[in-house]
Amino acid sequence: MSDFLSQASSKWLRDEGPESDIVISSRVRIARNLVGHVFPMIATESDKQAVLDEVERAVKQPQVEQLGRFELLKMGSLSPVEQAVLVEKHLVSPTLLESSGSAVILRDDEEMGVMVNEEDHLRLQCLLPGYQLDAAYGLAERLDDALEETLNYSFDETRGYLTACPTNVGTGMRASVMVHLPALVLTGSIQRILSAVTHVGLVVRGIYGEGTDALGNLFQISNQITLGQSEQEILSNLHGVAKQIIDHERVARQHLLLQNKDPIEDRVCRSFGILAYARQIDSKEAMQRISDVRLGIDLGIIKGVSANILKELMVATQPGFLQTYYEHEMTPGERDVKRASMIRERLRMDQV
């Protein structure tokens, strides 16, 4: 458990993937429910425990164990700070923390996991670096098939897989990409692009899911409805939109270099200077400055700094991880000081 909580750099954060200058990660989640159990939102504690027991037994079966080593973390046994770390690392949703009797089962590389007793009995997740939607779906499907050998899923021949939320009925699958779109934001094109996305059945959220802000110019784009579409149709639709967004962001970046070279260089270098020397910084400003620096790296303005800095510090500078790393709870002001210190240290590592 300590590795999940103490290490900011998950495999998907460390590794580079296709189109990683824009696409931070690809994720596929699959919602499943078990026959004979009511949905978690109306379940008793004993009902939820029975579901957890079934899932835990299924994960210990050979067909699941051959996919990797998994570990169970019960949300009720974790402190609020430890729970926050799991959200900051994108291993669980904020909703899971609000549900009593909930847990997460994580593979040791953190690329694969199962949330238990969130909105549905199971939320399978596969999270990969860069633009790897098809690979993420392939892994999620393997885990789903392995679990289904033991678990009896709620399934209707007409509607498909039954879920707590009607928008997930059918395949039960949500596919998403997390994208870094600083140039579209700076050129004022972002609202037009995002509005077009919603008109083709997709939804745009902040980096921690529904109801959260797009900190650091990071956006999650996912399918909205699963009923009436196959998994391949969902992926194909998201692929089509994601590729257009990637193209638009690349065009916007070149526009900034050609038409606004001095202002963009000033913005990037100013943010780098603040991160390199600031003695305190809050999480919102840190994410914005880190976004500027990552843009500067991708445009060739900043040399000698790892492109992974955005992904690494996206987690390492958040309140939960900071308090876990320094092993004590902090006031917001204390976190601002430690956050600035961690960022300065991280930048020095690349310049040695």
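First residue shown is number 1, and so on along the chain.
Heads up, the Cβ atoms here are built off N, Cα and C, so glycines get one too.
Owing to the predicted nature of the structure, the values given are computational and were not obtained by experimental measurement.
Taking all protein chains in view, 17 other C-beta atoms sit within 10 angstroms of the C-beta of R205 (ATP binding site). What TrEMBL records for 25-29, H90, R123, 174-178, 205-210 is ATP binding site.
Taken from TrEMBL, the feature domain 'Phosphagen kinase C-terminal' applies to 22-252. Computed over the domain 'Phosphagen kinase C-terminal' (22-252), the whole-number mean pLDDT of the model equals 92.
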